[in-house]
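Below: the structure, in C-alpha cells.
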Amino acid sequence: MKVLALRHSVAQVYADTQTYIHDDSKDEYENAFLISNLTTHNILYLNYSFKTLKILNKSGIAAIEVQSPDELFALIRCNFTYDYENNIVYLHDYSYYTNNEIRTDQYWITKTDIINYLLPGWKLTHVGYNGKNTRGHYNFSFICQNAATDDDIIIEYIYSNELDFQNFLLRKIKERMTTSLPIARLSNRVFRDKLFPSIVNIHKKVINVGPRNESMFTFLNFPTIKQFSNGAYIVKHTIKLKQEKWLGKRISQFDIGQYKNMLNVVTTIYYYYNLYYSKPVIYMLGSAPSYWIYDIKQYSDFTFETWDPLDTPYSTIHHKELFFDKDINKLKDNSVLYIDIRTDRGNMDWKEWRKIVEQQTVNNLNIAYKYLSTGKAKVCCVKLTAMDLELPITAKLLHHPTTEIRSEFYAILDVWDIITIKRFIPKGVFYAFINNVTTENVFIQPPFKLKMSPTDYIVALYALSNDFNSRQDIINLINKQKQSLITVRINNTFKDEPKVSFKNIYDWTFLPTDFELKDSVITSYDGCLGMFGLSISLSPKPTGNNHLFIINGTDKYYKLDQYANHTGISRRSHQIRFSESATSYSGYIFRDLSNNNFNLIGTNVENSVSGHVYNALIYYRYNYAFDLKRWIYLHSIGKVAVEGGRYYEHAPIELIYACRSAKEFAILQDDLTVLRYANEIERYINKVYSITYADDPNYFIGIKFNSIPYEYDVKVPHLTLGVLFISDNMVHNVITVLKKMKTELFKMEISTSYTYMLSDNTYVANVSGVLSTYFKLYNMFYRNHVTFGQSRMFIPHITLSFSNKQTVRIESTKLRINSIYLRKIKGETVFDMSE
C-alpha cells in the first residue's frame, strides 16, 4: 500500500486506486487506521494531515506528500522504499527498459566488453550507489532516485553455469516483467544502510551473522562490527580432493577479471577487520587498471597505494613502476597487501610462459612472507598458480569467479600463518580446487555459535533458520539475548509444516508464540522498517519466503500505537468481506455464531468477540506487522500508552472468545497453522491474565425495568448483567465498582425485539445494547480482583417463564432501567441503586 497525499483531487483515474478525504471529526490516529484498512494499492489522500502521514510511515506504510502531477505519476506507477526521516524516495522502477537500457551501480562493469552481449540496440548505464546518479532526473519536492538496477541479473549470470549472456539477460528480464516484485530484497540495501549506523551509534559491540555478497559494500564503513559467516576454505581442507588436470573452462562471455580482483580485496579487508577492528591502508602490486577502486570509494574512504607500470586511475597514490623485494620496507603496519603480479602470455610459448608464471608465484609468496614477517596488523592476499607448492595449512584459499577457469587462485595469509606448519600440495590437488570450488562470499569469517552474548548487539538477518541449526537453540538465543535484531522464517504454511524448502536447503518455521519474550517486538519486514525510519509501498506476499523480525531491547516497545501497531489489521478482512463473501457482515456473524451467540441483531455494532485478535489470528499471514503478543501483554499489565485514536480496552474474555472463533475458522478452512496459533495465543492470554470464572456463582447483578413488552409468569423479570463468585467481605468492592459505573450503566440503550427458548423450559427475551458496557464492567472487576462472569459466552437475556412458549417478535422496543442491584443467589438483595 502507498499513500499519496494531495491538496486537490486529480481528474485522471488510476487503476487500483482509491480516494480518502481526511475526516476532521476523527483524530490523526483514527484517520491513519482507516486509511491503512482500505483495500486498493494506491490511496490518494486529500486534505491530508502531516501527523497522519507520520503515523503511517512509522507503521511501515509509505505515505508521501505529493506536490505536482509529475511527482504523482512517478510514485503511482512503481513501488518504492521511503526514508521518511530524510525525505528520500528510492524508486524500484524498471521502466527504463523502454529506453533499451540496462543499469548497474558498479562502475567496473562499464569498463568491460559487456556491451557486445546486450540485447540488440541496448545500452548499459552506470547509475551509482542505490541509483544516486539518477537524482538529477527528478526535480521533485522530495529527494528521489531510482535504485532499480540489473546487477542482480549480472551477478547471477556470473555465478551460473550459463555462458550465453544475451539469452540469460532476456530470460531474466521476461521473468521480471511477469512476476511480482521481490520488494524486500530490493529495499534491503536501503534498510541495511539505515540499520547499521543507528545500531553502531548506540552499541559499542555489534555482531553481524550471515552477511552475503549483497552486503559487501555496506560494512566497509564498520570495521568494528564482528562478522560471522560460513568460514574459510583453508589449505588443510584440500586433503579431501583428488588430483585433476587443467580445465580451461570459460565462465563469462565478458571480462570479469575486475570483479574477481575487487572480491579478493574486499574479502581481505573483511578478514583484516575481524582481526584488528580498524581500517587498513591497501597496498596493491600489479594493480592496473583496477577501475573497481572507484566503486569501493563510492561507499567508503580508503587509501589505495599501488604499483604497476600501467596507469591505475583511481588509486590514492600510484607508482608507475614495478615492485621489487627491496621495496617491501615501504609497506607500513596496519595494512593489507594485494599481490596480483603475473606476466601476460602474449605470443610466448606456453611452456616458457609456464616457467615464468611458476617463478613469479614463488616470488609472490616470498614478498608475502617478508611483508608479514615484520611489523604488526598485516594481512596479505597473494596470487598463486596451480603447481607443486608448500603452503601453511591454515592459509585461506580463494577462488572467486573470473572470466575463465584456468590455473590461478589466491591465498590470504596473516602473521600467524607464516609461523604455522606448511604442507606440500601437488599441482593436481590445486587444479581440483580450482575446477570444483568457487568462493561465493567475501565474508569468510567462522560460523556463529548459537550462544547468548550479553554485552553485544546481535544482528542476524535471514541467517539462522537453516535446519543445520538446532531449532531449540535458535529459540533459546532469541529468548535470552537482551539486545538483538534476529529474523526467522515465519510459518505461513497451511499444514503447520515445521520446516520448508528454500533453494537447496530447508528452513525451520516459527510463529510468534514459539518465543518467550519481554521488552521485545515481533513484527514483519515492513513493521521493522518503520522502526528504523523507513516505510515501503508493497508488503511481501503472504505465502512467500517471509520472516519474523524480532527486535530485543528496543526503546519502542511501549509505543504500542506507533510501531508494529494495528494499522492494516482489518485490510484482508475488508478485501474478502466486500468482494467474495456472502455478506459484508460475514466476519461479525461468524464470530458470534461460533461462540453460540445467536442474537445477530446489530452484530456489526455490538459484537461479542475482539475483532482485532480474530483478524490478527486468521489473517496473520497478511497482518503480522501487528505484534499481537505485545499488544496482549501490555493490556494485561495495564501499560497501554496511546497517543490518540479511538481506544477501546478489550476485556480478557473478549480475547478468549476471539481465539475460539479463530479455531473454528481454522477447522473449516483446514488451516492447521492458524489452529495451532489460535490455541497457543489462547494459552498465552490465560498465562498473562489471571482469569477466574464464576461458574459456580453466589451473587449476581440484576437490572429491573419499568416495564416489559411481553407476557411473563416469573415473579420479577430482570436482566442478569453478570454473575460473581465472591466472599461476603468483597461485597463492598463490588458496590464501589457499580457506583463508579452508575452513570454509564444507566445510559445504556437497551432494547428487545423477540423471545425464544434459551433451553428446555427456559423462555427468555433477547436484550441488545449491553455488551460493550458489560465488557467495561468486566475489566473494572478484573482490575479489582473480583471474579465476574462465566467461562461460557455471556448472552444477555430476560427470563420470562420456566415453561415452553411460542416465539414472539415485536418492533424493537427500548427498555427503561428502573434499578440496578446486587443480590445473593437464593438470598437477599445487598445493594440497589436507581437513576
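Glycine is no exception: its Cβ is also placed from the backbone N, Cα and C atoms.
Sequence annotations record features per position, and here Swiss-Prot assigns active site, for 2'-5'-phosphodiesterase activity to His718, Thr720, His797, Thr799. According to Swiss-Prot, the feature region 'N7-methyltransferase activity' maps to 171-245, 429-555, an assignment based on sequence analysis. According to Swiss-Prot, the feature region '2'-O-methyltransferase activity' maps to 246-428. Swiss-Prot lists 556-692 with the feature region 'GTase/RTPase activity', giving sequence analysis as the kind of evidence. If you look up Swiss-Prot, you'll see 693-835 marked as region '2'-5'-phosphodiesterase activity', on the strength of sequence analysis.
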*Reported as an integer number of Å, what is the Cα distance between Thr799 (active site, for 2'-5'-phosphodiesterase activity) and His718 (active site, for 2'-5'-phosphodiesterase activity)?*
7
*How big is the gap, in Å, between the Cα of His718 (active site, for 2'-5'-phosphodiesterase activity) and that of His797 (active site, for 2'-5'-phosphodiesterase activity), rounded to a whole number?*
8
*Please work out the number of neighbouring Cβ atoms within 10 Å of the Cβ of His718 (active site, for 2'-5'-phosphodiesterase activity), leaving out its own Cβ.*
21
*Check each residue in the chain of His797 (active site, for 2'-5'-phosphodiesterase activity) that is at least six apart in sequence and keep those whose C-beta is under 8 Å from its C-beta; list them in sequence order.*
Leu719, Thr720, Leu758, Val764, Ala765, Asn766, Val767
*asked:* As a quick check of your reading of DSSP, tell me how many residues in the region 'N7-methyltransferase activity' (171-245) are helical, how many are strand and how many are coil.
replied: 41 helix, 9 strand, 25 coil
*Mind checking how the region '2'-5'-phosphodiesterase activity' (693-835) divides into helix, strand and coil residues in DSSP?*
31 helix, 56 strand, 56 coil
*Averaged pLDDT, computed only over the residues in the region '2'-5'-phosphodiesterase activity' (693-835)*: 95
